[in-house]
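Pulled from TrEMBL, these are the features on record:
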- 21-338: domain 'Amino acid permease/ SLC12A' (DOMAIN)
- 21-40: transmembrane segment (TRANSMEM)
- 46-65: transmembrane segment (TRANSMEM)
- 102-123: transmembrane segment (TRANSMEM)
- 129-147: transmembrane segment (TRANSMEM)
- 159-179: transmembrane segment (TRANSMEM)
- 199-224: transmembrane segment (TRANSMEM)
- 245-264: transmembrane segment (TRANSMEM)
- 284-304: transmembrane segment (TRANSMEM)
Amino acid sequence: MSSEKTQVVQEDLNRGLEERHIQLIALGGAIGVGLFLGSASAIEKAGPGVVAAYIIAGIAIFFVMRAMGEITIEYPVSGSFSAHAYQFLNPLAGYVSGWNYWYVWVVTCMAEITAVGVYVHLWLPDLPQWISCLCALALMTCANLISVKAYGEFEFWFALIKIVTIIFLIITGAGMIFFGLGNDGVAVGISNLTQHGGFFPHGFGGVFDTMLMVLFAYVGIEVIGVTAGEAANPEKTLSAAIDKVLYRILLFYVLALLVIMSIYPWDQLGHQGSPFVMVFEKLGISGAAHVINFVVITAALSSCNSGIYSTGRMLYNLSLQGKAPKTFSTVSKQKVPY
């Protein structure tokens with residue numbers, strides 16, 4: 001880094017996140033419980049047109065990510081946009097954006113931990129939900145306190161589980177659509193996309209109504225900016241991740257939803273639970289509900305893991321800015337804020 005590229009603060013963190021960690025953190029961060037469970041609500045409001053909402057939101061986020069990526073690569077600090085706002089706008093901008101981001105992730109993290117208790121209840125109905133919530137929170141907290149590489153490993157495997165599930169749905173679903181796989185050899189086709197009111201059954205108003213849910217589904221993609229302060233060779237790893245991740249995420253969301261709505265009429269998807277469970281059951285996969293339950297638990301744990309990581313790093317950088325108590329700028333022997 002050249003002398004004129006002065007960091008807003010001097011961080012004392014370990015660059016232990018490898019390229020494979022960054023790639024999967026960026027990809028898995030925006031694939032959460034919303035796709036596996038919440039997509040049914042979005043489909044109910046917009047029908048097949050929900051795909052347009054994901055594309056529009058994806059394009060908007062692409063420009064935001066590119067802008068953030070440009071400055072993050074030049075100034076790779078864990079405070080991300082808060083540190084950049086502090087440096088290039090004014091201290092108030094850094095203060096507001098940093099604490100707002102911290103608050104959002106605290107609320108989201110608690111919601112995801114609560115969700116873990118609900119999902120575990122399917123398997124252990126007699127276990128009080130607070131116990132599974134507490135165990136999940138303790139596990140993710142310990143993972144973050146051990147080292148940044150431990151966080152990266154957890155996130156890598158959590159993301160991989162989600163990605164493999166989506167790819168499996170797309171491949172097997174395409175087999176049913178075009179070759180009748182799991183449907184007695186009778187190809188389902190894609191007529192369900194245009195029947196039942198057309199591709200936009202509720203018009204563009206329906207697409208607009210789903211935009212908030214769709215944008216919330218992408219929450220987590222910005223974590224890649226927070227990882228900048230601990231990424232090995234950030235110019236290479238961050239650039240590659242930001243350039244590729246959005247195309248991959250759009251591909252996963254769009255293809256997965258098109259497959260689901262081709263197999264089932266969109267107006268049947270809002271009242272029967274997870275669309276993923278419905279497709280897997282139609283394919284003849286026994287215990288589909290348990291498979292998806294496992295996936296959504298890992299998705300919720302992944303979100304909690306990212307939430308603990310992001311809030312910790314944001315508090316750390318805010319402390320270095322002088323916008324949070326100095327105690328938050330303390331790091332362990334493994335260079336982890338605590």
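Just so you know, glycine gets a Cβ as well, placed from its N, Cα and C.
Not measured: the values here are computed from a predicted model.
At the 8 Å Cβ threshold, with sequence separation of at least 6, the transmembrane segment (129-147) comes into contact with the transmembrane segment (284-304) through 3 or more pairs. Contact check: the transmembrane segment (159-179) against the transmembrane segment (21-40) gives at least three Cβ pairs closer than 8 Å, residues 6 or more apart, which meets the contact criterion. Beyond the transmembrane segment (102-123), the same-chain residues lying 6 or more positions past its ends with a Cβ under 8 Å from any Cβ of the stretch are 33, 129-130, 132-133, 136-137, 219, 289-290, 293, 296-297, 300-301, 303-304, 306-308, 310-311, 314-315, 318. The recorded stretches the transmembrane segment (284-304) and the transmembrane segment (21-40) share 3+ CB pairs below 8 A when only pairs 6 or more apart in sequence are counted, and are therefore in contact. Long-range Cβ contacts of the transmembrane segment (21-40) within its own chain (Cβ-Cβ under 8 Å, at least 6 residues beyond either end) map to 50, 112, 115, 149, 152-153, 155-156, 158-160, 162-163, 165-166, 213, 216-224, 227, 231, 237-238, 240-242, 244-245, 248-249, 252-253, 256-257, 260, 269-270, 272-276, 292, 295-296, 299-300, 302-303, 306.
As a whole-number mean, the pLDDT of the domain 'Amino acid permease/ SLC12A' (21-338) in this prediction is 89.
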